[in-house]
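K.L.:
According to TrEMBL, the protein has these features:
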type	residues	note
DOMAIN	19-418	domain 'Major facilitator superfamily (MFS) profile'
TRANSMEM	21-44	transmembrane segment
TRANSMEM	50-69	transmembrane segment
TRANSMEM	90-116	transmembrane segment
TRANSMEM	174-193	transmembrane segment
TRANSMEM	235-253	transmembrane segment
TRANSMEM	273-293	transmembrane segment
TRANSMEM	305-323	transmembrane segment
TRANSMEM	329-351	transmembrane segment
TRANSMEM	363-385	transmembrane segment
TRANSMEM	391-413	transmembrane segment
Amino acid sequence: MSDEQCKQNGRRWKVRYTVLLLLWLCWMFSFLDRMVITVALPFIGKDFDIGPTGQGFIISIFFAGYAICQIPGGMMADKFGFRRVISVALGWWSVFTILTGLMFTYPLMLIVRFLFGLGEAPLPGSSYKGIATYFSSKQRGTATGIQSTVNTLGPACATIAAAAIISAFGWRPVFIAIGIPGLVVALMLWLKVKDNPKDHPKITKEEIEELEEDATSEADRSGGVGFKEVLRKPILWQATLIWFFFDITFWGFTSWLPSYLINVRGFSLMSTGIFSALPYLIGTVTMVLGGYLSDRTPGKRKWIFIPNAIIGAVTLFLMFQAPSNTMVIVFQCIAAFFMFMAQGSFWGLVVDSLPAKLMATGSSVVNCAGSIAGFISPFVMGFMIDVSGGSYGTAFIFIAIALIISAIVALTIRAQSSKKEISPAAGA
């Protein structure tokens, strides 16, 4: 009878799947809320009479708030629990998404986007805390890969939805339409998830035992590793640098691709929405593949990241040198294939290298670097476009080089960097 029950439990929908699904939805709305503005940007520029530098700053100011609260948000999740922090944060940023569509002056728009960034900042560290809490170490690479698919699906859905709504109603209603459902997801997370798996009424004994038997989870619960010890380890700062340069590329590419297709390549608004979505749809598959492959190469996750990042940089450069619109689309899809496979493998490395009890704080340090990159890249690219008389060439060389630098930094990671490196026994 017990064997039969085990088989039934193996087929049963597990609580961790619900947690991952809700975290995925939170991430999806974070990307929808922040990404629709990239399609709206040319129209906002016309309404507010601002050029590329001013338009880029609208995107960058979000990341100023995002960076400021990134680490404090992670610390709050470690102290109060990921469910509480994410639920409040999602409600906050959904309200400011709606307010974005109601602003009629440039200074007020900047204030709202800054406050929007403050509210969204706790999500990354808190969500990785959730994965570390509900998934064993051998499952976390795949779980983070699945969660990270929103990095691609979010922009894909945002560009198509924004193009359709803006074409029909103008740019303002799109922020209201995207902001309201986020409030519903915040309530669902609060009601359906517990910060401690043992407190969840639907979790099975099998799931609890699986977490307790996990060697890494046992080491994490020993309480011997403090945040200061984590900060002294090279892997944290290597990952921080990698993510900084990777996000220089990601946020530069994401922020300016729609404007490039409209202003330089002459695409219509709907064509821009569709073709801007293509690389992200491809990346959705390769993101999961990158996480899966990284789980198959424990201790050598960097060798999934490095070649994919380099190939992504080369094809990204070729995209903006393409002689025809058809080749632009081809190269952007190839670049996305490799870039997002690299990204899927990266967070498996981070989650597997930090103790679960400090996961939110540690991953927030890494993600904070990405937020700083998100502040720098759109603004710097806008400035480059302005001073070059509307040419995007220098701006996109800038982000291709950043991606290569991220691969070079990854080369410095020791092959066996893992939680063993930050365990009490290895501390000296």
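Every residue number used here counts from 1 along the chain in the order it is shown.
Every residue, even glycine, has its Cβ placed from backbone N, Cα and C.
Worth saying up front: this structure is predicted, and the values here are computed from it rather than measured.
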K.L.:
Let me check one thing: do the transmembrane segment (305-323) and the transmembrane segment (174-193) come into contact, meaning three or more Cβ pairs under 8 Å with sequence separation of at least 6?
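P.N.:
These two segments do not touch.
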K.L.:
Taking 235-253, 273-293, 329-351, 363-385, 391-413 as candidates, which has the most Cβ pairs under 8 Å with the transmembrane segment (50-69)?
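P.N.:
Highest pair count goes to 363-385.
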K.L.:
Determine which residues of the chain contact the transmembrane segment (90-116) at the Cβ level, with the cut-off under 8 Å and only residues 6 or more beyond its ends counted.
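P.N.:
Residues packing against the transmembrane segment (90-116) from afar: 26, 29-30, 33-34, 37, 44, 48, 50, 54, 57-59, 61-62, 64-65, 123, 171-176, 178-180, 182-183, 185-186, 189.
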K.L.:
Looking only at residues six or more beyond either end of the transmembrane segment (235-253), which have a C-beta under 8 A from one in the stretch?
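P.N.:
Apart from its flanks, the transmembrane segment (235-253) reaches 59, 63, 151, 305, 309, 312-313, 316, 339, 342-343, 346, 349-350, 353-354, 362, 365-374, 376-378, 380-381, 395-396, 398-400, 402-403, 405-406, 409-410, 412-414, 417, 421-422.
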K.L.:
Using a Cβ cut-off of under 8 Å, list the residues of the same chain at least 6 residues beyond the transmembrane segment (21-44) that approach it.
P.N.:
50, 55, 58-59, 62, 86, 90, 93-94, 97, 100, 109, 113, 116, 120, 123, 127, 130-131, 146-147, 149-151, 153-155, 157-159, 161-163, 166, 170-171, 174-175, 178-179, 181-182, 185-186, 188-189, 192-193, 254-259, 262-263, 269, 272-273, 276
